[in-house]
């Protein structure tokens with residue numbers, strides 16, 4: 001069993017996170033419960049930033065808020081001096097509600113609506129990452145209408161395949177995102193933006209995938225982009241002030257995962273950018289990166305209460321908990337794997353193989369297959385580790401189950417940052433079906 005960040009076994013034999021006993025958290029806030037180790041988030045943020053500071057380079061480390069967005073999380077990102085990557089009007093609204101500096105917000109997405117782009121312009125955000133020709137035309141029209149101007153990056157697909165799950169590989173040519181780097185699309189986009197009266201082309205962006213454990217993809221992407229930048233300088237007199245190489249830095253979910261440290265990713269990116277800038281005679285552009293999962297993923301733990309059990313003789317022992325695919329859909333969606341422990345008996349031998357089932361009325365609602373735990377019983381507390389990314393943000397009300405609360409823990413204190421949904425919350429937007437209305 002691998003404990004991340006400040007997680008440890010305390011004197012009572014319980015799991016402790018951020019100096020707070022997991023049993024206390026479950027008793028006070030209920031389960032399922034998302035618990036975030038704030039100290040670990042801070043540590044990761046500082047590691048990414050310090051690597052650029054040590055190199056003496058201009059850079060922005062933008063938190064990819066789709067991993068986990070709440071007012072408190074955005075405020076924590078601001079406190080750590082991060083920029084912010086948003087991908088919807090809702091994420092932008094959350095950032096505004098949190099008081100995040102608009103000039104450090106970058107707006108991504110492949111189908112931004114007119115209303116979302118208008119919102120971005122009205123709040124004077126720092127940059128829009130343009131994804132397609134439709135968006136260029138729409139943005140130009142809105143800028144004329146509102147009298148605003150905007151800096152943009154062009155999202156390109158460099159044709160670099162990250163060694164990761166197909167569903168989250170986004171840098172290949174066959175992708176819903178961005179302009180293809182090799183078929184002339186990017187050149188057409190550059191021409192269109194350079195002709196604009198209101199849109200300023202700041203640079204280019206790419207994202208090659210997620211849960212990446214080496215740096216080869218980032219190096220190759222940088223090489224391909226700089227080769228094109230050299231051509232674009234000659235063709236359009238365009239010099240990229242910003243190079244955004246995205247995120248996708250991996251974390252350790254299980255013992256099979258071997259991610260690099262944050263500084264190792266950044267140092268290799270810096271090396272690749274410096275080398276290619278020198279090769280083609282460019283000044284080093286400002287480098288942007290977008291860590292999301294790598295900032296919050298292993299800082300999150302979900303606490304569940306054990307309920308029923310079912311034994312299939314000679315096959316498997318099922319242990320059911322009070323959550324499931326409604327609070328963590330990743331196992332069903334991506335076949336994601338997690339480690340877990342009995343939080344109230346974490347020091348005991350984990351020597352009985354069981355499978356953890358969710359409570360949803362869905363045969364595929366399985367959180368973990370074949371994991372070793374102590375002999376668990378009803379009422380035991382199960383901790384599933386590394387649920388900080390894409391757990392709460394992908395949570396849903398399937399089976400009309402309320403979404404869990406979220407707690408931040410740090411220095412022995414717990415702070416509720418998202419309230420648990422109630423049944424009243426689930427029906428508050430519903431309207432009755434009225435019969436007998438005359439037409």
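Glycine is treated like the rest: Cβ placed from N, Cα and C.
Record features, source Swiss-Prot:
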ACT_SITE  361  active site, proton donor
BINDING   248, 290, 291, 292, 293, 390  pyridoxal 5'-phosphate binding site
BINDING   293, 330, 334, 362, 390  substrate binding site
MOD_RES   66  N6-(pyridoxal phosphate)lysine
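Cα-Cα distance from residue 361 (active site, proton donor) to residue 248 (pyridoxal 5'-phosphate binding site): 33 Å (rounded to the nearest whole number).
Taking the Cβ of residue 293 (pyridoxal 5'-phosphate binding site) as reference, residues of its chain lying under 8 Å away and at least six apart in sequence are, in sequence order, 64, 67, 210, 211, 247, 249, 250, 251, 389, 390.
Comparing CA positions across the recorded positions 66, 330, 334, 362, the one lying closest to residue 248 (pyridoxal 5'-phosphate binding site) turns out to be 66. Most other Cβ atoms within 10 A: among the binding-site residues 334, 390, that distinction falls to 390. The record assigns 248, 290, 291, 292, 293, 390 to the pyridoxal 5'-phosphate binding site, and the maximum Cα to Cα distance across that set is 15 Å. The C-beta environment of the residue listed as 'N6-(pyridoxal phosphate)lysine', restricted to residues of the same chain at least 6 apart in sequence and closer than 8 Å, consists of 85, 86, 87, 91, 292, 390, 393.
All protein chains considered, the CB of residue 362 (substrate binding site) has 14 other CB atoms within 10 Å. Recorded residues residue 291 (pyridoxal 5'-phosphate binding site) and residue 334 (substrate binding site) have their alpha carbons 20 Å apart, per Cα-Cα distance.
The Cβ of residue 290 (pyridoxal 5'-phosphate binding site) lies under 8 Å from the Cβ of 62, 63, 64, 85, 106, 207, 244, 246, 247, each on the same chain and at least six residues away in sequence. Other residues of the same chain near the pyridoxal 5'-phosphate site, with their Cβ within 8 Å of the Cβ centroid of 248, 290, 291, 292, 293, 390, are 64, 66, 67, 210, 247, 249, 294, 295, 297, 389. A C-beta separation below 8 Å, combined with a sequence spacing of at least six in one chain, links residue 330 (substrate binding site) to 336, 390, 391, 394. Under DSSP, residue 293 (pyridoxal 5'-phosphate binding site) is assigned to a helix (H, G or I) in the three-state scheme. Those residues noted as binding substrate (293, 330, 334, 362, 390) have their most widely separated CA atoms at a distance of 27 Å. Around the Cβ of residue 248 (pyridoxal 5'-phosphate binding site), the number of neighbouring Cβ atoms within 10 Å comes to 28.
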